Amino acid sequence: MFVYYLIEAILSILGFYIGSELIVKGGKEIIHQGFMLGALSVLPELIVLSNLLFHKNFYLALSSFFITALTIYTLGVAVVNVSVFLKWRKRRISIVNFEERRIILIIMGILLSIFILQKINLEIGIISLFILSYYLILRLHEVKFSVRSLLFMLSGIMILWIASNNLVFMSSKFLPSWAFTIFLFPIVLNIQDIIVAIKGSLSSPELGPQMTLSFIVETIILSAFTLSLAGLLGGLKGVFIGINYSLLALILVSVTMFILFNNNNLCIKESIVLLSMYSLVPISILLHA
C-alpha cells in the first residue's frame, strides 16, 4: 500500500511539472494572457463547485468557495510578488490597463449584502449572473490567441487537474473530513495555479503582472459564477448561511486587496501583508466550529 501511494505521489509531482510547463509555454504566446490564464485555470473549481451546488450541498460548496477565494487573494497574489522579488529583485508589480477594479468593487458590495442578509437570495443570483456575463463579454473580445497556444494551456490544465485529483485522493485517506473538505480542499484546487504562477514569475519578470492578474480574474469569475448559481438554485427562499466567519474574512481581505492595489501596483511589503492575512483562514474555521 505504501509503494502504491509513493508511486501516486511521484506521478502527481511529474504531472505538476509537465502541466505547469505547458501552461507557461502557451501563456507566453497569448496577448492578455493574464485574463486567459485566470479564465482557464478557474474551470476545475467551477466544475467541482457546480457539482456540489446542483446536489444541493450548499454548505460545502460555499465554504469551499469562501476559503478558495481567500487562498487566491492571499497565498496566490502574494507568492507572485515574493517570487519576482527573490529572483529579479523587483520590489513592485504593476498591471497596465487594469480594468477589474470596478468589478471587484461590485462583488465586494454583493458579498457585504450577503453577510448582512445572512443568505444568498434570487436577486443576488441574478445580479451576479449579469456581472459575470458583462465581465466575460467585456474582456473576451480583447483577447487574441492561436489554436496552438490554447491547446498548450488546455493540455497543461488537464494534466494539472488529474495530478490534483491524485493528491485529493491521497489526502482524503490520511486527514479528517473537516480538515480535508474546508481547509485542504481549496488549497488542492489552487496548488496548480500557484505552481504555474511561481514558474512564470521565475522565468521572466514581465510575466509577474500577468500572473497576478490571472489570480484576480480567477477570483472574479469564481465569485460571480458561484454566487449566481447558488442564488438561482436557492429559489425564492434563498440559501441561508447565517453568520459565516469565512465570508467575513473574505470581505476583509477583498477590501485590503482593493486598497493596496489602489494604483494598479503591489509592492513586496504589501504582498507580505496579504500573505499574513492567510491566517484568517484557520481563524475563521475555528470560530465557525
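A Cβ is built for glycine as well, from the same backbone N, Cα and C atoms used for every other residue.
Taken from TrEMBL, the feature transmembrane segment applies to 6-24 (among others).
Annotation comment: TrEMBL describes 60-86 (among others) as transmembrane segment. Sequence-remote contacts of a segment are chain residues at least 6 beyond its ends whose Cβ falls under 8 Å from one of its Cβ atoms, and for the transmembrane segment (60-86) they are 45, 48-49, 52-53, 93, 120, 181-183, 185-187, 189-190, 193-194, 197-198, 201-202, 205, 208, 211-212, 215-216, 218-219, 222-223, 226, 230, 239, 241, 244, 246-247, 249-250, 253-254, 257, 266-268, 270-272, 274-275, 277-278, 280-281, 284-285.
What TrEMBL lists as transmembrane segment is 98-116 (among others). Beyond its flanks by at least six residues, the transmembrane segment (98-116) meets 124, 127-128, 131, 135, 138-139, 213, 216-217, 220, 223-224, 227, 241, 244, 247-248, 250-251, 254-255, 257-258, 261, 264 of its own chain at Cβ-Cβ distances under 8 Å.
Feature annotation from TrEMBL assigns transmembrane segment to 150-169 (among others).
According to TrEMBL, the transmembrane segment annotation covers 175-198 (among others).
Beyond the ends of the transmembrane segment (210-233), by six or more residues, the same chain brings 27, 33-35, 37-39, 41-42, 45-46, 49-50, 53-54, 56, 58, 61-62, 65, 68-69, 72-73, 76-77, 80-81, 93, 95, 98, 100, 103-104, 107, 110-111, 114, 120-126, 128-129, 131-132, 135-136, 139, 193, 196-197, 200-201, 239, 266 to within a C-beta distance below 8 angstroms of the stretch. Residues annotated as transmembrane segment in TrEMBL: 210-233 (among others).
What TrEMBL records for 239-260 (among others) is transmembrane segment. Within the same chain, residues 58-59, 62-63, 66-67, 69-70, 73-74, 77, 101, 104-105, 107-108, 111-112, 114-115, 118-121, 230-231, 233, 266, 270, 273-274, 277, 280-281, 283-285, 287-288 sit at least 6 positions outside the transmembrane segment (239-260) and bring their C-beta atoms closer than 8 Å to a C-beta of that stretch.
Annotated transmembrane segment per TrEMBL: 272-288 (among others), in sequence order.
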